[in-house]
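Q: Handing you this structure, nothing more for now.
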Amino acid sequence: MTPSTDSLSQTGTTTTIVRPRKQIPIEATELTTKDKISTDADVWGRAGLGRSWLRSLVGASPLFLAPIGSISIFITLVQYEGSFSLFADAVKEYGFWNICAQYGPQINIKGIAAVICWLVVQAVLYIYLPGENHQGQLTPAGYLLDYKINGLSAWIVTHLLYGGLSWFGILDPGFIPRNWSSLIGAMNLAGFLISALAFVKAYVVPCHPEDRKFSGSFLYDFFMGIELNPRLGDKFDLKLFSNGRAGMMVWTLIDFSNMAYQYQNQGYVEPSLILVTALQTLYVLDFFINESWYLRTIDIAHDHFGMYLIWGCFCFLPTTYTIQGQYLGLYPSSAPTPYLAFFFSLGVAGYVLFRVVNHQKDMVRRTGGKCTIWGKPAECISARFRTSDGRQHTSLLLCSGFWGWSRHANYVGDLLLSFSTCALVGSTKAVVWWYAVWMLLLLVHRCIRDEKRCSVKYGAAWTEYCKRVPWRFIPGIW
């Protein structure tokens, strides 16, 4: 039986429906597009000059708003039992800066020393623990970089070290929530300081200078970053270290420390906190088990190394993604068992969806499309593109399995998991739900950014892919 072939006709990009298990080859119809990946593109790693001061200020507004938001959440949690309305009333009566001066995070030697110690330990593990070498994605300038992947072993060593020091009485297992104010202050300081150093490095000693991105605005470049893959030496990748070690690694450590803190205060740990920690540990372990997959995500492959990523990893992720554990550590409570069982199951289902969807895409990448999905040969659109060095490359756009269901089904699983961890707290306080709201905003924005970049990168092949898979998240909704 001859497999069906869809034909298109334009000029520049080749589109083929690939059914690799069939013995009869599928004929491709040449298709060209005027879209070209070049150093002048606003996406695919480039941005042109000429950004107005107003646009620059609006684009870099998170530079000022992000720390204010982080501080506000901390004060709301610690001083106002997680109630934004009480916090807003206090701000109206006393003024925001007066509230911050009295209740905001403190910067002291203890917090700074703890953050420095943390980063030194993680750097040592990053450098000296053995790991496999994996390649990332092609950069816009045509570089294909190697990464040493040892995050899982580093996670195990880190948590064993924390547990061992606690067991022998050297470290208080509840150290993190007991010193949260000074730690947040130090993390904010680290985020800004490293952002400044990264900005200077991009001008003075850049890595792969052809991959740098300049907008013409100091503020915008500081926030969004200039270098794509900054490194110290040949192997120490600052972007992977920031996200994996400064951010993801500490997530579960904060949860476990809040469990210890709750146990120290009341003699037992509430089921709600155990289940929240279990779901988040599952998610973090998945990240490190599949760390090589992370090399092909938007964070590593496309986002540049600026405050957006640095402060986000050093401060926003540890303080915002752990709100559920922080809240339950401060205000122990637990919902009825059927309620907890339902939302824990929903969270596990979200994780399974997230993992299966990503596995399907990774399997197609590893096999060049020569695999089956749901018992059938994988169906892909083969799209050619050029990097700025003039070389031509090919990507496979998967349009079967969950990727035929929607273009970002993995985000749906991510959102289910995020929603479930918030629901497990069993509180209606808005601050508890901020993580789920943030993830929704982040993933919708990321979806739009990703599709804009893919449209330029793949041209007519991307247009054809969107016709075949018309829904972004959930069919019939969006």
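One is the number of the first residue shown, and numbering goes on along the chain from there.
Just so you know, glycine gets a Cβ as well, placed from its N, Cα and C.
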Q: For the record in TrEMBL, which of the ranges 57-78, 79-100 is the transmembrane segment one?
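A: Spelled out, TrEMBL records transmembrane segment over residues 57-78, not the other listed ranges.
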Q: Looking at the stretches 111-129, 183-204, 273-293, 305-327, 409-426, which one shares the most CB pairs under 8 Å with the transmembrane segment (57-78)?
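A: The listed stretch sharing the most Cβ pairs with the transmembrane segment (57-78) is 305-327.
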Q: Decide whether the stretches the transmembrane segment (409-426) and the transmembrane segment (305-327) have at least 3 CB pairs under 8 angstroms, with pairs required to be 6 or more apart in sequence.
A: yes
Q: Applying the under-8 angstroms CB criterion, which one of 149-171, 273-293, 305-327, 339-357 scores highest with the transmembrane segment (111-129)?
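A: So the stretch in question is 149-171.
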Q: Do any residues, 6 or more residues outside the transmembrane segment (273-293), come within under 8 Å Cβ-to-Cβ of it, and if so which ones?
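A: Cβ under 8 Å, 6 or more out: 132, 134, 147, 149, 151-152, 154-155, 244, 248-249, 251-252, 255-256, 258-259, 262, 321-322, 324-325, 328-329, 332, 334, 340, 344, 347-348, 351, 354-355, 358, 362, 417, 420-421, 424-425.
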